[in-house]
Amino acid sequence: MGILEVKNVNKRFGGLQALGDVNLSVAENTVHAIIGPNGAGKSTLLNCLVGKLIPDTGSVMFDGQSVLGRSPYEINQMGISRVFQTPEIFGDLTVMENMMIPCFAKRDGAFELNALNSVGNQKDIIERAEHMLEDMNMADKRHMHAASMSRGDKRRLEIGMCLSQEPRLLLLDEPTAGMARADTNNTIDLLKQIKQERDITIAIIEHDMHVVFSLAERITVLAQGTPLVEDTPDKIKGHPKVREAYLGESA
Amino acid sequence: MFGLQKKDTTLLLVVAALALFAPFLLNPFPEGSAMAQFNAGYPDLMQRFVIFGIFAVGFNILFGLTGYLSFGHAAFLGVGSYSAVWMFKLLGYNVIPGIILSVIVAGLFSVVIGYVSLRRSGIYFSILTLAFAQMSYNMAYSVLGNPTSNFNLTNGETGLQVYTSDPQILASAGAPDLPHLFGLTMRSSYQLELGSWLFTFNAGYYLCAVLLLVSFYVAIRIFRSPFGLMLRAVKSNQQRMNYTGLNTRPYTLAAFVISGMYAGLAGGLLSTMDPLAGAERMQWTASGEVVLMTILGGAGTLIGPVLGAGFIKYFENIFSKINEGVLHAWFGFLPDGLENGVIWVVEHFVGPGWHLTLGLLFMLVVTFLPGGLVEGGQKIAALLSRRKSKDTDNRATQSTPAE
Ligand SMILES: Nc1ncnc2c1ncn2[C@@H]1O[C@H](COP(=O)(O)OP(=O)(O)OP(=O)(O)O)[C@@H](O)[C@H]1O
Ligand SMILES: [Mg+2]
């Protein structure tokens, strides 16, 4: 049994079958890529995993517990963190503050009325956030306004924020979309390093095959809302069905 | 000190000093001089400065930190006022129970309104709060205020006040027939004459000032706390918060209720200074006023709302008193035709036209200083320090060329 089990998930938007009978099993401590042409339903599937969308039918189990019907914050507290297609960070706050917030969420849970203590006195949180910033190579940027950083740095910060929660499953939706080559390679290196250093399962949606083949141990190909094949990267590379799905899209 | 950083302690001490010496600071002009009408150091106005300062400081905890713009906070002000008067009617004129109850009732009231309104954000939230406040106003004005019914909570148009027939069960025999703090009436004042200056020290004002300081202190603590950080995170990116395992709803509700309690305290103090509570305190114009105060002073800053409240109350009370007679005295030196022309123009901006002046000022501030008066102050400070640091830079480069 994988840490994430998706069974018979269907999702319709009006007349459009965005997901049709999706079955997916992500094994613990692997990097699992989900690829497919535009409009294949990859983001829709991901949204069903984190509570943004509720599937019409089917089940989504994380570590033996159903995530369906729970709100995003509850699912996150179960151990699933999500990185967005465009970096979602707290633009008005400093880099350090950005990093402290997930640390508070990890320590205090979904809500804590901690209104009379000073942030400056929360030694454990500060230490943890600083440690994470060093891990992410961003310690020198700690006082910067998060919004004023480059896209690559924002992505790096967002990944760091997710990691500081020590999630068991990290979901990434096209983490390198719109990035320059150098930033893309940095992100690949960062993810490789993360995988090496800790026990974590990563599910990644990606268009860039360079990224996919650098990282993934398993690949699921999604086309028109249905998984076509699931296999190791080597097998996927030459798979006729995969070629067809991509070529059919571009033809 | 007081568990605050140095910078915040300084700010608190400055506000304390300003509040303590306000009777001097606000009366810079000698009695009887032409400028005396710009003096603001009389009890009634000084009380308003600090009471509305409390109101705005609380409003800023919601609006400045979370970005949720409530257009209904006057409802909590009104509820606080009515609660205090009810305590005067039932228990007696000692102000302590009234002030406490006004905070509690406004808190409960804001739990209900906040719970419903916070299901929406942005403009829909604002409209919901506005609707609730207008509902409360209408209820207070008519349904709950019918003097002939048995259930007369607000006494409608007349306003809620204390009658000799009221129980006042805790009132002791010799107690004053006015709001008082253990015998010290809120109206009592001490007047100090220095040359042609007259300074008034009023008990009610100092009670309000102490409560402003307490309110301000609590606001600083909230701003610097993990809770305050979460509120700023709500304003910045709710989506990221939800996907970081944080439930935004209770955070915004807590901020809403805290700011509602501040409004209740302000309302209670209004009744304490003058034990008559009318429904007009709940009207939407009153809700809009606290929005203006906060934005004008600088939303999201600590001192901004206090400045904004002072600014608007000063205009309301001072500019509105300048009438044609005063203008003739000012411009009397001009030739007659010109004098009438000038007065005709100026007249529209003073007296009942003070709203026009305030509106123009508000437009100017919002356009050129989106951070409010506080941003203006910071810009001036930056200009000064740049000039200064240029000097020191020059000197530094001369003495240590290696740098
Ligand atoms: N909220 C929605 N309402 C209606 N239709 C939607 C919604 N979200 C997605 N869709 C449709 O569902 C289909 C799958 O969309 P989805 O975003 O999951 O594709 P994708 O695989 O992520 O594509 P891309 O690679 O372009 O990101 C598309 O046809 C899309 O237009
Ligand atoms: Mg997508």
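Even glycines carry a Cβ here, placed using N, Cα and C.
Here TrEMBL flags B:46-63 (among others) as transmembrane segment.
What TrEMBL lists as transmembrane segment is B:94-116 (among others).
Among the features that TrEMBL reports, transmembrane segment is placed at B:123-144 (among others).
Summarising the annotation, TrEMBL assigns transmembrane segment to B:203-223 (among others).
For B:250-270 (among others), the entry in TrEMBL reads transmembrane segment. Within its own chain, the transmembrane segment (B:250-270) is flanked in space by residues 47, 51-52, 54-55, 57-63, 65-66, 68, 70, 73-74, 76-84, 98-99, 101-107, 109-111, 113-115, 117-118, 207-208, 211, 215, 222, 227, 230-231, 234, 277, 281, 290, which lie at least six positions past its ends and keep a Cβ under 8 Å from the stretch.
The list of residues near the transmembrane segment (B:290-315) in space but at least 6 beyond its ends in sequence, with Cβ under 8 angstroms from a Cβ of it, reads 8, 11, 15, 40, 45, 48-49, 52-53, 55-57, 59-60, 63-65, 69, 71, 73-74, 212, 216, 219-220, 223, 263, 354, 357-358, 361-362, 365-366, 371-375. For B:290-315 (among others), the entry in TrEMBL reads transmembrane segment.
Taking Cβ pairs closer than 8 Å, the transmembrane segment (B:327-346) reaches residues 34 in its own chain, all 6 or more past its ends. Marked as transmembrane segment by TrEMBL: B:327-346 (among others).
What TrEMBL lists as transmembrane segment is B:352-374 (among others).
Same-chain residues lying 6 or more positions outside the transmembrane segment (B:203-223) and placing a CB less than 8 Å from one of its CB atoms are 2-4, 8, 11-12, 15-16, 19-20, 22-23, 43, 46-47, 50-51, 53-54, 57-58, 60-61, 65, 95, 99, 179, 181, 184-189, 258, 262, 265, 269, 272-273, 302, 306. Against the transmembrane segment (B:123-144), the recorded stretches B:46-63, B:94-116, B:352-374 differ in Cβ pairs under 8 Å, and the greatest number is found for B:94-116. Within the same chain, residues 72, 75-77, 79-81, 83-88, 128-129, 132, 170-171, 175, 179-182, 186, 207, 211, 252-253, 256-257, 259-261, 263-265, 267-269, 271-272 sit at least 6 positions outside the transmembrane segment (B:94-116) and bring their C-beta atoms closer than 8 Å to a C-beta of that stretch.
Within the chain, the transmembrane segment (B:46-63) has long-range Cβ neighbours (under 8 A, six or more residues past its boundaries) at 19, 22-23, 26, 40, 69-70, 73, 77, 202, 204-205, 208-209, 211-212, 215-216, 219, 222, 231, 255-256, 258-263, 265-266, 269-270, 273, 289-291, 293-294, 297, 299-301, 304-306, 308-310, 312-314, 317.
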